[in-house]
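Peer 1: Just dropping this structure here.
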Amino acid sequence: MKPLLALVGRPNVGKSTLFNRILRQRSAIVDPTPGVTRDRHIAEGEWQGKQFKLMDTGGYNTDGDVLSKAMLEQTLHALADADSILFITDARAGLSYEDLELARILQRSFQHKQLFFVVNKVESPQLVIEAESFIKTGFTTPYFVSAKDGSGVADLLDDVLEALPEAPEGEVKGDTAVHLAIVGRPNVGKSSFVNALLGTNRHIVSNIPGTTRDAIDSRLMRNQQEYLLIDTAGLRKRTKIDAGIEYYSSLRSERAIERCEVAIVMLDAEQGIEKQDLKIINMAIERKKGVLLLVNKWDLIEKDSKTSIRYEEQLRMAMGNLSYVPVLFVSAMTKKNLYRALDTALQISRNRSQNVSTSQLNKFLEQTLAQVHPATKSGRELKIKYMTQLKSAWPVFGFFCNDPLLVQSNFRKFLENKLREAYNFEGVPISLRFLHKNKVKED
């Protein structure tokens, strides 16, 4: 298993900038607003041939508001998972009460871990002199760095990774987990859903829209199958996204969909489906991901024996031609249908990766063409010789014909519907490609 390094410190000391410097990419959200990294964010890195995971925690502070207390709890929870802890302070801002308090917590509760004291933003000789006073924290060997220009970071990484024990050979294997992205508008219950599955308050849960700003990965094992759950910031309409934090969070959610096999799109039962929900669903469909629609907070709805039927009918009308997307009614609060949702997502993942033999497909084609013959176009008749499944991450079927330009949209839709009737592609977009002389016409 790759060692986990955690960055911790009060808000705005430069943890996310250092995170990005170490990974050499813009991964964590960076903004001068204190507390931008509210929850933990983990990414993989490599230095001098050594692989590791780096975790950017929420900023530590002693404010009394509900969200700050939740951030503190999450920070301590995150540190318990780490192999090494990098305690970050700010040379320009000077030592604060929060710095001293956090130093005491680290020395008292995490003395069994590798602790590294980092003074960031040391970008002049004068700041080096002033930073000497930081030994008041009790850490006598500070590392003076500048995450902004990179000075001192290499020496820090050398020492941090040198102090870690060597990972046993062959322990790092290919990821066989099913990748699920939990996406939706803010405050529909995505983090509550993940926490209920994990059985732990692993993500900050608050009724403040947009509490989970970054995409966060968690792993879950069920019935000998591992799942990677990617909990994301809620996707807002672009007009509601501020130039800084919300913009980057929305991009992160879109990237989470690109990483997943199945997008679990969550709705609020009381709010119903909106244009932004349809946009999220279509975003996943366009990227050829599996899709599962969850209606959360179902426990809050007054209902009779036909409520769910009527509700689903309204959803189907709004979704139009996405009849293959399954709908489940769940409650993260009461845990209604949570594991059924997970099992359904697994089945969708399997549907997405299934392969149908060429012999089966051509038998299917023969039977289908016997039912309905393609209409002529400009006096010419479409003739399909055979079909096969093409190699792809999602189901793609190639139809070899005399002229792809003769294929009409209604016949294409007919073939797709027949394929769905014959094989289980629930929750999965499928592509039909009509081929002639190595030229491809895609749907």
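Each Cβ is built from the backbone N, Cα and C atoms, and glycine gets one as well.
Per Swiss-Prot, domain 'EngA-type G 1' is recorded for 3-168. Taken from Swiss-Prot, the feature GTP 1 binding site applies to 9-16, 56-60, 120-123. Swiss-Prot lists 178-353 with the feature domain 'EngA-type G 2'. The annotation GTP 2 binding site is assigned in Swiss-Prot to 184-191, 231-235, 296-299 on the grounds of sequence analysis. Summarising the annotation, Swiss-Prot assigns domain 'KH-like' to 354-438 and lists sequence analysis as the type of evidence.
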Peer 1: Between C-alpha atoms, which of these binding-site residues comes nearest to TRP298 (GTP 2 binding site): LYS15, THR57, VAL122?
Peer 2: THR57
Peer 1: Can you tell me whether DSSP puts ASN187 (GTP 2 binding site) in helix, strand or coil?
Peer 2: coil
Peer 1: Could you state the CA-to-CA distance between LYS15 (GTP 1 binding site) and LYS190 (GTP 2 binding site) to the nearest Å?
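Peer 2: On Cα coordinates alone, these residues lie 26 Å apart.
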Peer 1: Take the C-alpha atoms of VAL122 (GTP 1 binding site) and LYS190 (GTP 2 binding site) and report the distance between them in angstrom, rounded.
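Peer 2: Counting only the Cα atoms, the answer is 39 Å.
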Peer 1: I need the most crowded of these binding-site residues: ASN12, ASN187, THR232. Count other C-beta atoms within 10 angstroms of each C-beta and give me the top one.
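Peer 2: Sorting the candidates by Cβ neighbours within 10 Å, the top entry is THR232.
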Peer 1: Can you tell me the CA-to-CA distance separating ASN12 (GTP 1 binding site) and GLY184 (GTP 2 binding site), as a whole number of Å?
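Peer 2: Per the Cα atoms, ASN12 (GTP 1 binding site) and GLY184 (GTP 2 binding site) stand 28 Å apart.
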Peer 1: Return the member of GLY184, ASN187, LYS190, THR232 nearest to THR57 (GTP 1 binding site) in space, with distance defined Cα to Cα and candidates limited to these binding-site residues.
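Peer 2: Comparing Cα positions, the closest of these binding-site residues turns out to be THR232.
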Peer 1: With DSSP helix as H/G/I and strand as E/B, how many residues of the domain 'KH-like' (354-438) fall in helix, strand and coil?
Peer 2: 31 helix, 21 strand, 33 coil
Peer 1: Given ASN187 (GTP 2 binding site) and GLY9 (GTP 1 binding site), what distance in Å do their CA atoms have, once rounded to a whole number?
Peer 2: 27
